[in-house]
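A.B. asks: Below is a structure I'd like to ask you about.
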Amino acid sequence: MGCCGSAERPKREWKPLEDRSCTDLPWFLLFTLFLVGMCGICGFTIATGGAARLVFGYDSYGNTCGQRNEPIEGVRLSGLDHTDRKFVFFLDPCNIDIIQRKIKSMALCVSQCPTEELATYYDLKRFAMINGSELCSYELPGHKYPQLPERFEKCPKLPVPESKALPVFNRCTPVDISCYAKFAEAVVTFVSDNSMLNRLIAGVAASKEIIVGLCLLALVLSMILMVIIRYISAVLVWILTALVVLGSLGKSAFSALFSPPKLRMASGILLLLMLFMRKRVALTIALFHVAGKVFIHLPLLALQPFCTFLALSLFWVYWIMVLLFLGTTGNPEKNEDTGLVEFRLTGALQYMTWYHAVGLIWISEFILACQQMTVAGAVVTYYFTRDKTKLPVTPILSSVLRLVRYHLGTVAKGSFIITLVKIPRLILMYIHNQLKGKVGRQLTCICCLWCLEKCLNYLNQNAYAATAINSTSFCNSARDAFMILVENALRVATINTIGDFVLFLGKILIMTCTAFAGVLALNYQRDYTEWVLPLIIVCLFAFLVAHCFLSIFEIVVDVLFLCFAIDTKYNNGTPGREFYMDKALMFIVIKKKLRKNDGNKSCH
């Protein structure tokens with residue numbers, strides 16, 4: 001499982017799509033064992049009753065509702081038979097701990113939630129006599145509620161609101177949620193009165209159909225932009241280049257008059273750099289043009305964000321459910337302050353939560369890496385197939401099958417490296433937030449780790465592409481890709497700088513068009529009191545959707561460039577070493593050769 005050996009490696013012979021073998025098999029086995037551990041945590045929570053306590057609920061004495069219970073040593077009223085008591089009832093459901101985000105009230109298992117408001121202890125007695133559901137502590141007889149001196153501590157706070165049971169989790173929840181206003185005010189700190197919050201919520205609820213329609217519009221615009229960007233990329237890139245050059249000229253003129261010599265030198269260097277890189281702008285335009293062709297030949301690439309989002313959503317739902325299971329798993333402990341029983345993981349078992357947290361990051365990164373490898377495999381197949389009419393019937397499915405059969409270990413290793421960087425960054429962010437920004441060193445480390453993570457992500461993406469081309473292990477692929485990128489450093493800088501900005505403009509364009517349509521649609525309906533919040537929701541969703549789709553476009557461009565760099569390095573167009581590249585890229589190579597030949601003639 002080591003990264004790179006110390007022995008001198010022979011020169012790489014790139015043989016695209018010729019040989020296939022399993023890569024990084026030890027890492028695949030390690031990742032499999034890690035998944036077994038994740039499943040083991042889930043199984044442990046189910047076997048020890050954590051899942052049952054979450055779903056069915058439990059009272060403040062450690063009894064699970066809806067079943068027979070074993071006595072807990074040292075806890076009175078534990079070990080009761082709650083077969084007929086299937087609902088959790090809180091004596092004071094509005095007593096919420098905002099800091100810990102939990103209800104501090106005593107909980108009981110009852111056979112029926114209160115179906116009406118109970119204003120007096122006589123109402124509690126009547127409800128118990130009619131329905132057989134006693135809402136006070138178990139040791140208090142229902143027919144004596146009004147006379148018992150313990151009723152003030154062990155009976156629900158009056159008036160008892162009308163409640164309904166939650167669909168799956170069997171908790172009695174007040175029908176009127178006004179008692180949660182304090183919690184809502186703590187979350188929505190900018191709300192000074194309930195009227196503002198009510199208007200905002202009413203605006204969202206009233207315009208939900210328009211919000212859904214605008215979100216679908218953003219989705220359609222993103223898919224269309226991925227195809228037409230090949231036609232508008234040249235205009236956008238040259239406009240951007242012209243603006244940078246003009247800005248540099250203006251800044252140089254201003255600096256010559258008012259700025260110190262160092263600033264004038266910096267402005268001059270920027271201008272010279274842009275003029276020197278102008279020839280490489282054509283390569284960026286050609287790559288965007290070919291990327292548009294890729295999506296025409298491989299339209300199912302546009303579905304990758306959906307597949308990735310679905311996989312991430314399913315995993316996150318599973319992860320959250322197991323986390324909730326862990327919250328009700330462990331040994332029962334009596335809180336001496338409140339007298340309530342709580343279940344907590346103690347000893348070595350508490351490390352399961354940390355293991356589960358690492359699983360969230362590693363598996364999420366693994367899913368994202370699988371998307372990168374799938375896209376890279378499909379683009380590599382497209383690029384290194386000279387006759388595009390002979391492409392596989394389903395190149396994306398073929399890429400997925402190659403990934404599953406050969407390269408899961410490589411993806412596991414690459415995603416683990418990202419996880420190693422992301423975990424300390426998240427820990428430092430937590431420490432920085434706890435210290436409320438008093439120490440600046442954490443912020444510096446956070447920025448450094450963020451930059452390192454971005455660099456590793458870019459290198460990983462190119463390593464996956466190299467693996468898709470040559471079926472090499474992660475470290476060999478990363479080294480090969482890194483050497484190619486270093487040899488083309490100026491091209492990489494141009495493509496990443498200009499290309500990323502063009503794609504950012506695309507995201508802004510989609511968000512702006514969606515927002516404009518939203519203003520027209522929401523303003524047309526005069527009965528909406530507030531439409532600012534729905535518009536903000538739509539804009540955020542539109543930017544997120546555009547980011548997901550254009551990120552796929554960005555991966556395609558990066559993979560195409562790596563393929564192009566390999567193609568130009570190891571092929572020269574002669575018989576037996578023909579180019580694989582598209583005509584748009586071929587034109588750049590031929591133009592460069594002609595320019596080089598003209599230069600040689602002028603020297604002679």
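Backbone N, Cα and C atoms are what each Cβ position is placed from, and that goes for glycine too.
As listed in TrEMBL for this protein:
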type	residues	note
TRANSMEM	25-47	transmembrane segment
TRANSMEM	210-229	transmembrane segment
TRANSMEM	235-258	transmembrane segment
TRANSMEM	303-326	transmembrane segment
TRANSMEM	360-384	transmembrane segment
TRANSMEM	501-525	transmembrane segment
TRANSMEM	531-564	transmembrane segment
A.B. asks: Please determine whether the transmembrane segment (501-525) and the transmembrane segment (210-229) are in contact (criterion: at least three Cβ-Cβ distances under 8 Å, sequence separation 6 or more).
C.D. replies: yes
A.B. asks: So what's near the transmembrane segment (360-384) in sequence-distant terms, Cβ-Cβ under 8 Å and 6+ beyond its ends?
C.D. replies: 16-17, 31, 34-35, 38, 294, 297-298, 301, 304, 307-308, 311-312, 315-316, 319, 391-392, 395-396, 398-400, 402-403, 407, 410-412, 414-416, 418-419, 422-423, 426, 460-461, 464-465, 467-469, 552, 555-556, 559-560, 563-564, 567, 580-581
A.B. asks: Can at least 3 Cβ pairs under 8 A be found between the transmembrane segment (25-47) and the transmembrane segment (531-564), with each pair 6 or more apart in sequence?
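C.D. replies: In this chain the transmembrane segment (25-47) does not contact the transmembrane segment (531-564) - fewer than 3 Cβ pairs sit under 8 Å.
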A.B. asks: Grab the same-chain neighbours of the transmembrane segment (531-564) for me: Cβ-Cβ under 8 Å, and only residues 6 or more beyond its ends, written as numbers and ranges.
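C.D. replies: Those are 200, 203-204, 207, 210-211, 214-215, 218-219, 221-223, 225-226, 229, 283, 287-288, 290-291, 294-295, 301-302, 304-305, 308-309, 372, 375-376, 379-380, 383-384, 458, 461-462, 465-466, 469, 481, 484-485, 488, 491-492, 495, 499-500, 503, 506-507, 510-511, 514-515, 518-519, 522-523, 525, 580-581, 585, in sequence order.
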